[in-house]
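Taking it in order: structure first as structure tokens, then the write-up.
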Amino acid sequence: FRVEHPAGGYKKLFETVEELSSPITAHVAGRIPTWLKGSLLRCGPGLFEVGAEPFYHLFDGQALLHKFDFKEGHVTYHRRFVRTDAYVRAMTEKRIVITEFGTYAYPDPCKNIFSRFFSYFKGVEVTDNALVNVYPIGEDYYACTETNFITRINPETLETIKQVDLCKYVSVNGATAHPHVENDGTVYNIGNCFGKNFSLAYNIIRIPPLQADREDPINKSEVVVQFPCSDRFKPSYVHSFGLTPNYIVFVETPVKINLLKFLSSWSLWGANYMDCFESNETMGVWIHVAEKKKGRLLNIKFRTSAFNLFHHINTYEDNGFLIVDLCTWKGFEFVYNYLYLANLRANWDEVKRQAEKAPQPEARRYVLPLSIDKVPARHHRRGAGPGSAGTCPCAGDESVWLEPEVLFSGPRHAFEFPQINYKKYGGKPYTYSYGLGLNHFVPDRLCKLNVKTRETWVWQEPDSYPSEPIFVSHPDALEEDDGVVLSIVISPGVGPKPAYLLILNAKDMSEVARAEVDINIPVTFHGLFKRA
């Protein structure tokens with residue numbers, strides 16, 4: 001059923017807050033599990049304007065790093081802005097200095113016309129605003145966005161240590177904020193690059209775990225395989241990818257970056273990143289597969305109808321097939337067009353009206369045969385439900401047309417920001433995923449989904465707005481869903497506390513405890529639980 005939000009409490013998600021000079025104690029209601037020891041680290045925007053200059057898009061606000069710390073049943077909360085170049089220069093000059101995703105940084109009005117003219121030709125100044133995620137490399141932790149810059153942070157104090165430019169170590173123009181981190185510490189990521197004959201391509205990069213020589217693993221980064229681009233000058237927007245023990249899956253969507261516009265219009269007429277996106281209305285979606293260990297492309301062209309993709313749920317191998325579970329948005333129009341802050345801060349009726357026009361969400365499963373001989377003209381795998389693959393006569397013998405199996409679908413109700421028991425089931429057959437329920441883009445519920453039976457469990461309270469659910473496994477877990485789910489919730493209209501960390505039983509999504517704080521917490525995107 002649909003919950004309405006006429007009071008507009010969700011607007012508090014997009015309000016500027018101050019950082020803390022030291023951690024504050026949270027008030028605990030319920031009992032924190034004694035085994036839950038460590039820190040929940042989260043990233044998101046925390047500064048939505050600089051002086052009188054506003055940021056316009058959800059992905060523009062300056063990066064704020066959050067930490068909930070668990071020690072012996074007690075909880076503290078801390079937050080600090082990441083001292084990126086974008087943030088430090090904005091604070092120093094009291095204006096927006098570096099162009100963000102949807103906000104153009106105008107030249108310094110104090111400069112004369114000649115210095116402003118020449119500054120246009122220094123090249124594109126890429127943002128390092130690390131507001132999307134945080135992940136480990138070796139023994140270090142990095143906050144990141146989707147450019148070539150990542151920022152090393154101290155996970156204990158939240159202090160910023162240094163900026164790292166990935167371009168200096170490996171051939172990528174940028175990298176996603178969703179790397180895969182294997183249990184031994186190996187990191188895989190993807191980014192676009194210049195391939196053969198100056199055409200665009202996508203490189204999978206590998207950063208090894210920390211070695212006995214204690215050298216920074218980033219120094220040993222390498223490219224393991226290169227995927228071709230469907231359009232030599234227009235790479236697709238890539239937010240995540242799939243990984244199994246033996247295969248890498250890259251989904252190339254019709255949302256394209258016009259590279260010529262990116263390189264030229266920035267200087268000529270003041271564009272931002274959003275101005276450089278366009279949709280290819282005819283390509284649909286291309287899915288590429290490579291052998292992980294051999295770095296060799298699979299010679300099968302997988303094709304399906306158009307969708308946007310931001311988050312893979314999981315990918316695994318099953319008797320000659322790859323099972324690829326995705327959070328899709330149907331159609332070729334870019335979903336980010338609907339994530340301007342003016343839309344998200346609008347009154348509830350206007351929020352709904354805008355969401356009605358946007359691409360509609362659907363969690364899907366695609367079944368990819370790893371050899372053509374497994375694809376008769378119309379093939380249904382036993383036990384895989386209606387997800388099917390069939391040969392596509394219009395695209396040659398080595399092309400396979402894919403039809404999806406629907407895992408979850410509801411009108412303007414998304415199952416997004418998916419999480420699983422990643423440490424034990426990432427890249428392997430699994431049963432459960434946890435997601436953030438978006439109601440017309442407003443996060444108002446937490447969901448658990450059984451991908452085999454489609455059964456769902458939901459946590460929801462009136463005028464309460466949760467964040468991405470993070471699954472934390474019980475240290476002595478016997479089953480996949482033995483553990484808890486953590487989520488930061490803001491509840492501006494309910495009770496005395498404006499925000500809290502919610503702890504749910506991962507089995508049935510019932511509340512175990514909450515750790516309440518006296519201050520507002522703005523929207524966060526992604527993060528992790530770092531065990532003590």
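Placement of Cβ uses the backbone N, Cα and C atoms for every residue, glycine included.
Feature annotations, courtesy of TrEMBL:
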BINDING   His178, His239, His311, His526  Fe cation binding site
Item to check | Listed in sequence order, residues not in His178, His239, His311, His526 with Cβ within 8 Å of the centre of the Fe cation site Cβ atoms | outcome: Val132, Asn133, Thr176, Ala177, Ser240, Phe310, His312, Phe417
Checklist entry - For His178 (Fe cation binding site), which residues in the same chain are close in space, meaning a Cβ under 8 Å from its Cβ, but six or more apart along the sequence? => result Asn133, Asn189, His239, Ser240, Phe241, His311, His312, His526
Checklist entry - Other than its own, how many Cβ atoms are within 10 Å of the Cβ belonging to His311 (Fe cation binding site)? => result 20
Checklist entry - Between the binding-site residues His239, His526, where is the Cβ count within 10 Å the lowest? => result His239
